[in-house]
Amino acid sequence: MADSSGQQGKGRRVQPQWSPPAGTQPCRLHLYNSLTRNKEVFIPQDGKKVTWYCCGPTVYDASHMGHARSYISFDILRRVLKDYFKFDVFYCMNITDIDDKIIKRARQNHLFEQYREKRPEAAQLLEDVQAALKPFSVKLNETTDPDKKQMLERIQHAVQLATEPLEKAVQSRLTGEEVNSCVEVLLEEAKDLLSDWLDSTLGCDVTDNSIFSKLPKFWEGDFHRDMEALNVLPPDVLTRVSEYVPEIVNFVQKIVDNGYGYVSNGSVYFDTAKFASSEKHSYGKLVPEAVGDQKALQEGEGDLSISADRLSEKRSPNDFALWKASKPGEPSWPCPWGKGRPGWHIECSAMAGTLLGASMDIHGGGFDLRFPHHDNELAQSEAYFENDCWVRYFLHTGHLTIAGCKMSKSLKNFITIKDALKKHSARQLRLAFLMHSWKDTLDYSSNTMESALQYEKFLNEFFLNVKDILRAPVDITGQFEKWGEEEAELNKNFYDKKTAIHKALCDNVDTRTVMEEMRALVSQCNLYMAARKAVRKRPNQALLENIALYLTHMLKIFGAVEEDSSLGFPVGGPGTSLSLEATVMPYLQVLSEFREGVRKIAREQKVPEILQLSDALRDNILPELGVRFEDHEGLPTVVKLVDRNTLLKEREEKRRVEEEKRKKKEEAARRKQEQEAAKLAKMKIPPSEMFLSETDKYSKFDENGLPTHDMEGKELSKGQAKKLKKLFEAQEKLYKEYLQMAQNGSFQ
């Protein structure tokens with residue numbers, strides 16, 4: 001015994017050596033960087049903190065679907081980086097409220113309203129319209145862009161049509177309401193034309209700066225309301241150009257001090273040649289092939305800044321304005337070079353530089369801003385900071401087309417965000433965007449939106465079915481059921497799809513693939529639920545709930561499901577946050593069970609009126625309240641809370657289909673009746689008379705009424721005679737059948 005214990009002491013057991021599993025490298029986020037035109041690994045400069053600047057709108061008109069393309073797409077990207085990849089994102093966006101377009105539009109609106117308030121006499125209005133048509137015609141003749149030319153021609157034609165009735169009224173010396181009505185029509189049709197003319201003649205007299213701030217303030221508010229309606233998160237900080245003029249002046253001064261800017265006639269220009277010749281810098285990082293494109297450069301300078309005298313101030317045509325000396329009729333701010341206003345490109349550089357410093361992680365904007373705007377932003381900022389890395393990742397959202405065409409007022413396909421939201425919900429628009437790559441062209445069309453609507457309906461039906469399954473009563477332990485092969489297989493597919501979705505998000509936030517993987521996962525769940533239903537077995541609640549919660553979580557990340565935005569703890573303590581579904585569903589369940597009991601008795605007692613009332617409750621009353629009852633033979637009624645408008649559309653569609661079926665049935669019955677009537681009419685004809693009326697074909701007949709000669713008097717061939725004989729015999733049979741039916745009284 002002692003020997004045995006001693007032996008055990010010498011051979012004491014120890015833990016075996018452990019080795020970690022080989023594992024796989026985690027997938028890393030890659031983003032398409034316009035600076036390299038490749039997908040690059042995303043590495044923020046400061047741990048998980050991400051600094052992000054997004055070019056905001058120039059606010060002088062209603063926001064349109066082109067704006068939605070950028071801001072919904074960037075909202076999705078921002079949410080994914082923040083809520084999925086857990087980056088600490090600081091998101092900055094600007095509002096451009098000083099710009100050539102704003103100045104011109106504000107001036108024109110002000111002058112036109114002044115003109116309208118003076119209530120010009122009809123003769124004076126006609127004279128002014130004719131005066132305005134002269135420069136307008138010159139502009140029309142000089143326009144080469146076909147879309148713009150078409151729009152101008154349409155304006156000219158509308159003005160000419162509106163002019164004729166007023167001219168006739170003046171010539172006829174009419175007065176009163178009829179003339180006033182013609183005046184109002186012409187004023188409305190000639191608004192653009194008169195505004196241009198008034199601006200060219202009186203624009204230099206507009207000196208009140210408040211006129212130039214009123215317009216952008218109105219349209220900025222309109223833009224924010226549109227973004228809220230689209231469920232686009234507000235920026236962490238919003239910068240307005242008008243609030244950063246001192247910072248812009250200092251920014252311009254330092255660029256001049258660093259040797260990359262020069263003063264000319266009170267304006268300051270960026271010296272592109274000096275910058276490009278520096279070993280530390282590169283000009284045209286984003287679109288080097290566009291450097292020197294004068295058309296693009298002039299568009300970037302603005303309509304009020306490309307006159308011959310302005311262009312002559314530059315050392316090189318490629319140089320661009322950092323600061324513009326204000327001309328009469330333009331807003332101005334004091335600066336070392338005289339009164340002026342900021343150039344377009346410098347505004348973003350100064351505001352972003354002030355808040356984000358010498359180097360930011362992400363800069364975003366629309367694809368059409370790459371050159372000259374973003375290339376000039378980069379040049380200015382790197383000239384200011386004397387570095388070569390002002391932006392680490394430049395992201396550009398793709399274009400938006402309307403049914404395959406460029407969106408344009410001239411093509412009459414200009415769609416504002418408000419117009420789009422009248423047709424589709426914010427969620428449906430976002431789903432359409434999610435089903436496309438954020439960096440590629442998105443075609444906003446009926447087909448695109450129909451796909452989004454079907455996707456929404458597909459997901460919603462799944463969520464409603466899972467909710468119905470989860471409402472089935474089980475005790476506390478019954479919710480944890482033993483898994484069979486079907487559950488194990490579905491769970492494996494679930495985790496496979498989660499992996500695929502993660503890889504897709506790492507691959508340049510590929511939401512298009514994510515949406516397809518989510519669709520495939522739901523399809524697998526639907527097959528599982530159908531299989532369980534077929535064998536009268538309840539699906540596994542916990543597994544389906546996990547999958548539904550995951551899908552809901554992803555949709556929340558994408559902004560397709562709104563988050564609860566309440567602050568702090570819920571009112572009333574834990575577990576008291578109100579939910580419409582949790583509140584009303586018990587009552588609806590009681591109503592459903594009561595209705596099932598009533599229907600059962602009505603069927604047993606054969607009371608069709610009760611069944612009709614029950615159907616009316618399901619089909620007509622409950623949809624108005626956003627409630628859907630789904631009856632299944634031999635199974636409990638499924639209760640679903642659905643958007644009221646969706647149910648009403650479904651009801652209308654059901655009625656339309658039923659009406660079509662009714663019409664088709666009536667049409668088939670009518671055709672059948674006509675065929676029977678035609679057959680009966682044919683049966684009534686004695687065979688001896690069937691050919692006698694065809695005198696255009698035959699000229700002679702035998703004693704039985706059979707044709708013997710054609711219309712030219714030639715005897716019929718044996719083949720023709722044989723064919724007619726067969727027809728005769730067939731009619732003879734029909735006629736006998738008719739006589740028999742008449743004798744039996746088979747028809748009236």
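Cβ atoms here come from the backbone N, Cα and C positions, even for glycine.
DSSP gives His373 (Zn(2+) binding site) a helix state. Marked as Zn(2+) binding site by Swiss-Prot: Cys55, Cys348, His373, Glu377.
The annotation L-cysteine binding site is assigned in Swiss-Prot to Gly56, Thr96, His373. With a cut-off of 8 Å between CB atoms and residues at least 6 apart in sequence, the same chain places Cys55, Gly300, Trp344, His345, Cys348, Gly365 near His373 (Zn(2+) binding site), listed in sequence order.
According to Swiss-Prot, the feature compositional bias 'Basic and acidic residues' maps to 653-679.
Under the heading N-acetylalanine, Swiss-Prot lists Ala2.
Per Swiss-Prot, the feature region 'Disordered' maps to 1-25 (among others).
Within its own chain, the region 'Disordered' (653-686) has Cβ neighbours under 8 Å at 619, 731, 734-735, 737-738, 747, counting only residues six or more beyond its boundaries. What Swiss-Prot lists as region 'Disordered' is 653-686 (among others).
What Swiss-Prot lists as motif ''KIIK' region' is 101-104. For the motif ''KIIK' region' (101-104), the mean pLDDT of the prediction comes to 95.
Swiss-Prot lists 406-410 with the feature motif ''KMSKS' region'.
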Return the residues near Glu377 (Zn(2+) binding site) by Cβ distance under 8 Å, restricted to its own chain and a separation of at least 6 in sequence. His345, Cys348, Ser349, Ala352, His363, Trp390
Surrounding CB atoms that lie within 10 Å of the CB of Cys348 (Zn(2+) binding site), all protein chains: 26
I want the residues beyond Gly56, Thr96, His373 whose C-beta is within 8 angstroms of the mean position of the L-cysteine site's C-beta atoms, in chain order. Cys55, Pro57, Thr58, Asn94, Trp344, Glu347, Cys348, Gly365, Leu369
Centre the Cβ atoms of Cys55, Cys348, His373, Glu377, go out 8 Å, and tell me which other residues of that chain have a Cβ in range of the Zn(2+) site. Trp344, His345, Glu347, Ser349, His363, Gly365, Leu369, His374, Asn376
DSSP three-state call for Gly56 (L-cysteine binding site): helix, strand or coil? coil
